[in-house]
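Swiss-Prot has this to say about the protein:
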BINDING   69, 91, 92, 93, 94, 216  substrate binding site
BINDING   69, 89, 91  Mg(2+) 1 binding site
BINDING   89, 92, 216  Mg(2+) 2 binding site
């Protein structure tokens, strides 16, 4: 595994931002869309940027394998030999890209021993880049400024602010929550961008009931971890990476703090 340095992190940030510029070019014109085997859309932008990221990361760290959402047919028997690898989603929020909402991002993370240790989330249409590295902290670059992202308390007397992907998702989440508490839902596309709402203090958590891949959560996990946050499944267990044949995550919660009694929002008293 490469040594975690600010130089490595800066190189990955630049690669993610370059990938974002390619997405911006595709965004300005009509793109070809087809459905994958899992019935999710993929565009020529996904495929082009996946190849771009693969080439750039290979040049940066030739010894580190790469797993992309668009090139994930690598058997577990081979992946089990990887101690470290790059995990990428070239276009997180493909449907948002197709719908021209601007709510999509590039996700790049470095995973070591089944846990992310470096992550970059770049939102090209928002002009924002979020990045973190183990032991380094979490930061946001926007409008020429680099801002250190800080932990924020959850106000017990206020409604819990929850990021979700749609109004339908909000109702699905509401159905499993403690009905004695108040909630405020914020709708946003792209799994990565929902996690940045938590990092920015707009939301207290992001709850996902539905299909996501490991590439959707890795960069967010290290971002929130460096802020003192937490990601867990509905059995209060951490997410893991590259341990199963499938890349599908369980339902999960991304929270801004480990010190909140998360179990109370799922149980009526």
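Cβ coordinates are placed from backbone N, Cα and C, and glycine is handled just like the others.
Sequence features, as recorded in Swiss-Prot, placed on the structure.
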residue : record                 : CB count, 10 Å
69      : substrate binding site : 23
89      : Mg(2+) 1 binding site  : 32
91      : substrate binding site : 29
92      : substrate binding site : 29
93      : substrate binding site : 26
94      : substrate binding site : 23
216     : substrate binding site : 25
Diameter of the substrate binding set by C-alpha atoms, the set being 69, 91, 92, 93, 94, 216, in angstrom: 12
Environment of 69, 91, 92, 93, 94, 216, the listed substrate site - residues of the same chain whose CB lies within 8 A of the CB centroid: 46, 89, 90, 104, 105, 107, 190, 191, 192, 215
Env. residues of Mg(2+) 2 site, Cβ within 8 Å of mean position of 89, 92, 216 Cβ: 69, 91, 93, 105, 107, 190, 191, 192, 212, 213, 215, 217, 219
DSSP state at residue 93 (substrate binding site), helix/strand/coil: coil
